Amino acid sequence: MGYAAQAMERTFAMIKPDGVKRGLTAELLTRIQRKGYRVVGLKQFVISRELAENHYGEHKERPFFGELVNFITSGPVVAIALEGENAISGWRGMMGATNPANAAPGTIRADYATSTGENVTHGSDSPESAERELGLFFKPEELL
Ligand code: UDP
């Protein structure tokens, strides 16, 4: 009693092609596990254009959409399903702001990202997107 309720959540995290290419996978998984999140799904693969366009569907009309789809399909990504207390906003906090110039010190994007486009990681921004994106990237039996 007297403690705020903490919601156990699942979220979708991704190491983008720039992060994989630069050999940051182990470092980022270490950060995730040190934080205490459980990795309940994990796979490395090259995203199809169809999946990329679906995943980023909300940005379809934006000027950067074509470039974003080209980038995200340019090499392997690591798709990660995370579980933990308040994991959705917690993982977004660990990533930092979209534009690394605005990302707080110590966040992943402040430490590693080179531009707004190539910013190393993705994280769902709400319970609805987490459910939608986990469903796009993982079959139910792939989540342990
Ligand atoms: N993006 C971009 N240019 C922009 C805004 C976004 O290339 O001006 C890319 C960037 O890779 C970003 C992704 O599109 O991570 C999704 O954008 P969103 O605003 O959802 O940012 P996020 O949730 O990834 O921080």
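Even glycines carry a Cβ here, placed using N, Cα and C.
TrEMBL entries are annotated by machine, without manual review.
These features come from TrEMBL:
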ACT_SITE  HIS122  active site, pros-phosphohistidine intermediate
BINDING   LYS16, PHE64, ARG92, THR98, ARG109, ASN119  ATP binding site
DOMAIN    8-144  domain 'Nucleoside diphosphate kinase-like'
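Across the domain 'Nucleoside diphosphate kinase-like' (8-144), the DSSP tally of helix, strand and coil residues reads 65 helix, 28 strand, 44 coil. Fewest Cβ neighbours within 10 Å among the recorded positions LYS16, ARG92, HIS122: that distinction goes to ARG92. Here the C-alpha separation of THR98 (ATP binding site) and HIS122 (active site, pros-phosphohistidine intermediate) works out to 9 Å. Only ASN119, of the binding-site residues LYS16, ARG92, ARG109, ASN119, place a Cβ under 6 Å from an atom of ligand 1.
Maximum C-alpha to C-alpha distance over the listed ATP-binding residues LYS16, PHE64, ARG92, THR98, ARG109, ASN119 is 21 Å. Of the recorded residues, ARG92 (ATP binding site) and the residue listed as 'active site, pros-phosphohistidine intermediate' place their C-alpha atoms 8 Å from one another.
Taking the Cβ of PHE64 (ATP binding site) as reference, residues of its chain lying under 8 Å away and at least six apart in sequence are, in sequence order, GLY117.
Within 10 Å of its Cβ, the residue among the binding-site residues THR98, ASN119 with the fewest other Cβ atoms is THR98.
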